[in-house]
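Noted in TrEMBL for the protein shown:
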- 16-40: region 'Disordered' (REGION)
- 23-40: compositional bias 'Low complexity' (COMPBIAS)
- 65-95: region 'Disordered' (REGION)
- 65-83: compositional bias 'Basic and acidic residues' (COMPBIAS)
- 196-200: motif 'Histidine triad motif' (MOTIF)
Amino acid sequence: MTAFVISLALRSVKRRKRQGEDSTPLPTSQPLSPSFSSRSPAPTVSNLASLLSSCFGVVSPLFASERKGSSRPDDSHQFRVVDEDGDGSSARGAANEAAARPDCVFCGVTNNSPGFRVVHEDEELVVFHDRSPASQVHLLLIPKRHIDNVKTLLPEDTALLQRMRKTGQEVLEGVGVPLAEQRLGFHIPPFYSVNHLHLHLLSLPLPFRGSLKYRPAVPSEAERRSGKLKGFSWFVEVDQVIDILRTGQKVKVASVRATQAAA
């Protein structure tokens, strides 16, 4: 590598010498792209944020902050990075569940909330359009009662999840998405956005980037018979969450097996 660098330096010196001897200006070459220029600065925080955004459509709050004074996050799909064994891995308490939290952008959303295009509201649930849709139809379904995220769910929450699933399916069918072309699921911390439980209601098929971002790891029939409930994934379908909670386990990014509950 050192010899290569020295060779380039010598070639540069010779080229400059020739340019000095020749009074005829050389043709001006096209400037290098900033990403390939030898004078390009070292990778910055914003560069890393752009890379994450281009790959996943999300930006970590480690690299980007919310707009001050805004009633909604700067990007509804920001990653909120937390410890995989931390936030949401213990039993849910008063700090993780409340009727409403003043610091939560999804708490208190109603049909009259500015900035939200609500398509359904009842006593318990609200459904509105995702501000950065990943498919032809992309809605978010939230409980009015504040629950942090899918990792904080307990076995007694299966009834709530069943109501969320039923409502989500009915709303999608109401806008022309048949059951066979629906995907309902959650992002799992640390790969989640707003810290208020929200179920993604998606129409299929998904574009390439969406198919990566909303890819569930659904076990095959053989794997299910062996007790596997989900594979490694940052997105989990609502049916998988219900099955996991029924075994007394927690949702996580790593694989989950039913046999772990008895261990």
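Each residue, glycine too, has its Cβ placed from N, Cα and C.
Curation does not apply to TrEMBL; its annotations are automatic.
Across the motif 'Histidine triad motif' (196-200), the DSSP tally of helix, strand and coil residues reads 0 helix, 2 strand, 3 coil. Regional average pLDDT for the motif 'Histidine triad motif' (196-200) in the model is 97.
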